[in-house]
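Here the structure is laid out as C-alpha cells; the discussion comes afterwards.
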C-alpha cells in the first residue's frame, strides 16, 4: 500500500482541524499525527537525514543544557516582555555569541520565539520550565539517549537478538558501561531514580485517562449493573501505587455506589499520606498471591503485568480468577496495546524504551489475548482513545 499523498493528508488535516475547533475527542492527537505525516510526505532523503541526525540531536542537547541554566524559567518569568540575548546570556552565565547560536536553533525548532532581537517563551517552553519536566529531560538525555545510541553496535555484537527480560547485558549496559540491571542502577544513582519517577509521572501528564469521557464507558460498563448484594466493592486498583488512578476515578464519578480499594506492597501503602477526605481504602497485597477481595464489580490494573515476562503475567492474571463473580466481575487492564497494522508513535516509543533499558517489550493484541486466555479469562473488548498509547482491555471469566 503506497503512502498517502500530500493532498489527501491536507484534507485529513482540515477535517481534524474542524474537529479540534469543536473540542472533539482525539482531534488534537489526530492533528499532530497528520502534521507529522505531511512532513514525511514532503521531505526528501537529505532533509530527513539532516532532521534526524542534526536538528533533533542538537535540539535534545540544547534542551538538556537549558535545564542547567534555567533558560525556560527565565523566559517564563519574563512573560510578554521577553528578554534580549544579552540579558539571557547574563542570567544563564553564557557568552552572548554562544547563547544566540543555541537560542536560534530553539526558535527554528519552534520551542521559543524571537522578534526584533528579543526572545519569548511559548506555551511549550513555559510548560517545560516545570520541575517534573526538567527532571524528565535530564533522564531522557543522560540515560535513554545513550542507550538508543548503543543499538547499532550492541545488536551487531549480539547477532541481532532480543535481550533477555531484566537483562544485565543490553543496550543500556553497553552505553553506560555497567553490568547490573537498569532498576539496580537507578537505586544506586539516586538523582536519576528521582528523574525517572518524574519522567514516568510526566509521561502520563495531560493525557486522557481511561475513565475520561470518550475512552471507557464507565457508566454503562461499571456503574450500571452494580449490585451491592454481590459485593459492596465497586473497584479494586491492584498494584495501584499511591492511588493516583483510583483517586481520579473517585473524583470523576462521585458519589459512588460502592467502595474503592487500593492495593500495593506494604512499603508503598505505608508511604501514602494520611488523608481523611480520600475516597479509597488502602490495603497491602502481593500480586503473586490470590486476590483477597471477592466478587468486586471490577479489578483494575495500570501497567502491572507490563514489566513482567509472559509466564509471570499469566500468574498475576490467574490470581484474580478465584475472586471473580461469573457474569458480573470485570478485569480492566490499562496497558499499551501495540497495533501491528497501524502502530502509533506513543506506543512504539515506549516499546523501544523497554527494549533499550530492560530487554522488555510492549505487547500486541494477540499477546494480551494469549496471556488472558492462559489465565482463564477472555477479552470482552479493547477500548482506545485516538493518539493515546494506552488502551483499556476489558476481560471476564472465560
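Any Cβ shown, glycine's included, is placed from N, Cα and C.
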6-O-desmethylmycophenolate binding, same site as 144, 265, 303 - Swiss-Prot member from 74, 199, 383
199
Between residue 286 (S-adenosyl-L-homocysteine binding site) and residue 362 (active site), what is the CA-CA distance rounded to a whole number of Å?
23
Indicate whether residue 303 (6-O-desmethylmycophenolate binding site) is helix, strand or coil by DSSP.
coil
Sorry to bug you, but what's the C-alpha spacing from residue 302 (S-adenosyl-L-homocysteine binding site) to residue 335 (active site), rounded to the closest Å?
6
What does DSSP assign residue 335 (active site), in three states?
strand
Please identify, from the recorded positions 244, 306, the residue with the sparsest Cβ neighbourhood, meaning fewest other Cβ atoms within 10 angstroms.
244
Reduced to three states, what secondary structure does DSSP give residue 237 (S-adenosyl-L-homocysteine binding site)?
strand
So the record assigns 197, 203, 237, 239, 244, 245, 264, 265, 286, 287, 302 to S-adenosyl-L-homocysteine. If I measure every Cα pair among those residues, what is the longest distance in angstrom, as a whole number?
26
